[in-house]
Structures are given as C-alpha cells and as structure tokens.
Amino acid sequence: MFTANMNIQDYDPILWQAIENENRRQEEHIELIASENYASPRVMQAQGSQFTNKYAEGYPGKRYYGGCEYADIVEQLAIDRAKQLFGADYVNVQPHSGSQANAAVYGALIQPNDTILGMDLAHGGHLTHGAKVSFSGKIYNSVLYGITAEGLIDYEDVRQKALECKPKMIVAGFSAYSQIVDWAKMREIADEVGAYLFVDMAHVAGLIAAGVYPSPLPYAHVVTTTTHKTLGGPRGGLILSACGDEEIYKKLQSSVFPANQGGPLVHIIAAKAVCFKEALEPEYKIYQQNVVKNAKAMVEVFKQRSYEVISNGTENHLFLVSFVKQGLTGKAADAALGQANITVNKNSVPNDPQKPFITSGIRIGTPAVTRRGFKEADVQALAGWMCDVLDSIGKDNHEQVIAETKAKVLDICARLPVYAK
C-alpha cells in the first residue's frame, strides 16, 4: 500500500537534489530558448495524476482495455477543445511528441523512398523535415529548400525545386524562422505538382491559437504541433486537419495507433486538455500578443547595438542574431550569457562558416520570459545586458560585466518569479 507520506526527498535524496536544483535554476535564470516555456501548475497537476497508471490502447469508445470510461472523457475533452481552439475537423491528441506526430503523418500519406520537399535544417527547418540524420531523410528521398541572404523564404525557388523533384509531400514550418510563412503560396505550389501540403506549426501554435499569426489550417492537408513551446502545455504532440477528406483522417488515425504507437499517455492527454482550456481564455490572447511585442522590442535593441538580426526583424516569438561580422561564435556567446544566468541556444545562421556544433549565431525567443511577466521595458533592458556581455567577450572587463549582469538577472528574477510562492 502507498502512504501519503511517501516522498522522493527521503527515498532518493540524490534525485531530489537534482529536482530542487532545476527548480532553482528555472527561477534564477532568464529563459530565452525559443522552444521552451513554463507549464502552469494546473497542467503539471494533470501530468502527476493517477491517469499515469492507465493503459488505454485505442480511441474513445473503442478501447482494447477495460476501465477506460474516464480516460475516454479526458481524451474527448482534449480533442473537442483542440478542434475549437484551432478550427479543426480532425484532431489526434495521442502523439507522444512532435517528431512522432510528424512520423505518423509521413507514414499515413506517403511511402518509403517517396520524395519530400522540406526546409533545410541549416536555414531554419527541423530535423524531421528531411534532414539526412533524421528518419525523415533516411526513409524518404529528401530535397531541401532554404532562405535568401535576406533571411526570407524564396517561394519561386521552392516552386522550381518542386517542379524539378515532383515531391509527394511539401513540408512547411520551421524551428528558426522569424517571419510570416505564406501558407496559401505553399499550398498553391503543392497543388501545382500534385503534392500534399504538410505544415509543422510547432513553434507558432500558441500564436496561431491566439490569432496573432496566420493559421495554416485552411491551406494544409494536415498540420502537426507540439503542445509545449508557445502553446505552453505539457511536452507532447498533436495532429490536426481541416481538409475535409475523411480518407486522410482515417489514415492519420491508424498511423498513430496502431502503426506508430501503442498505449497513449493519458496523464499527458489530461494535461493537454488543461492547456487547451487555458488557451481558450481571453487573457491567453493578450499573453501571445505580448510574446510578439517583446520579441520585436528585443530585436530593436540588438540592431541599435550593431548586431545583425537575420531577416532584419521578427513577426513571431523568435529571432536569430548573427555574429559573423564580429567574428564571434554562437558557442562562445551561449556560454558567456549562461555565466550571467541568461539561457539561449547557439544556432546556425544562413551560409554559416562554422560547424553546426559551434555556429555563428544564437536563437532568442520570448514565450517563457513573457509568461513570467516581463514587459517591453524589461526585455529591452535585458537585451541591453546581453549586448554588454557579448561586447565584453575577449576583453579585460569580461568577468566584471558577467558579475554585474548576473546580479541584475537575479534581481529581476526575484521580482518576477515563475511560480509565485
């Protein structure tokens, strides 16, 4: 029998200390990784529920196990809320991750060795959009498109590549692109060559849910997303469609289960249901509007301090800063900012002279800082501190600048906690 006083702290102090240290790190560091966010206590409560014990292979009303009556309620709630949130006709809430959602889409609609046309990882795409090191680049014949020297998608180049390689599927979406994607243009190109248009909106799903970034649902045959990132829910995946093709919906359904996954994670689906309810609240739209405002405010500071911002700005939650002109590496910038309790990630920039593990840039995102309450004035000050640190790399005053910046970071983090006590 389990008792109420059982706890990790007494049973496994080494693990407990790691958990406590991570709690402290999140509270005392400013999180600027574009793919990270903070889940609400309600979401975390659902993840820690007794649904973690339940096997529920199948779908609501069609399970292979008994005792699923409450799991059915949870999953149907998540499905219905996601449909309302995104304007979808079809939703599958079972994918364990965005990558598994993407794998299910490929498996449903195309065959091994079919050609896919996706965005180059080095130009802002994702591993699962056809990178050679990914299953998507090994199982399928992957052709890649990129961005111009100005940091924008060249739709005519996409069209020409599509005409040349005749893909069965065009993959749109990104992990490091700061502008608006013309979903209608991508569908036009897909229709011209008879391809499916598959959109991975993982990075901008929260913005789309709030109506501050254009939705791909009216144009794509199928859309996937993660449920964390801008959406701010648990770590997981989601498949959606509004194409109206019941045959596609059936293929997607069977591609998730039984083709790619067994039992769904019902506790995570419960957390997704909470997340979708939160995203339907009026204040969620204000939050997402502020995410974009904060990103734009930071961009202006970096530009004023003579740092190059790829595409010269942002229309979403993220932007890339290039250090090619400064001769600085993304790895060095990442490390220096980390010493000051500012967390970013090194990122390749277009035509990057450095290797992918070194890079010449960093990616900055505002979902997490905005969620903990940072306003435009706060992120402008933060961007200035970051530039101070970057300017000092290799100079005699570097350690002093790091110490001064860290003190400022700790002060604002104390004033704007992630989880108020």
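Every residue gets a Cβ built from N, Cα and C, even glycine.
Secondary structure from DSSP puts Gly125 ((6S)-5,6,7,8-tetrahydrofolate binding site) in coil. There are 25 other Cβ atoms within 10 Å of the Cβ belonging to Gly125 ((6S)-5,6,7,8-tetrahydrofolate binding site). Here Swiss-Prot flags Leu121, Gly125, His126, Leu127 as (6S)-5,6,7,8-tetrahydrofolate binding site, drawing on sequence analysis.
Residues annotated as site 'Plays an important role in substrate specificity' in Swiss-Prot: His228. There are 25 other CB atoms within 10 A of the CB of His228 (site 'Plays an important role in substrate specificity'), with all protein chains counted.
Taking the Cβ of Lys229 (N6-(pyridoxal phosphate)lysine) as reference, residues of its chain lying under 8 Å away and at least six apart in sequence are, in sequence order, Ala34, Ser35, Glu36, Asn37, Ala202, His203, Ala205, Gly206, Pro367. What Swiss-Prot lists as N6-(pyridoxal phosphate)lysine is Lys229.
One way to see the shell of the (6S)-5,6,7,8-tetrahydrofolate site is to take the Cβ centroid of Leu121, Gly125, His126, Leu127; the remaining same-chain residues with a Cβ within 8 Å of it are Gly118, Met119, Asp120, Thr128, His129, Gly130, Ala131, Ser134, Ser175.
Listed in sequence order, Leu127, His129, Ala131, Ser175, Ser348 are the same-chain residues six or more apart from Leu121 ((6S)-5,6,7,8-tetrahydrofolate binding site) with CB atoms under 8 A from its CB. Within the group of binding-site residues (His126, Leu127), the Cβ with the highest number of other Cβ atoms inside 10 Å belongs to His126.
A separation of roughly 16 Å, to the nearest angstrom, links the Cα atoms of His228 (site 'Plays an important role in substrate specificity') and His126 ((6S)-5,6,7,8-tetrahydrofolate binding site).
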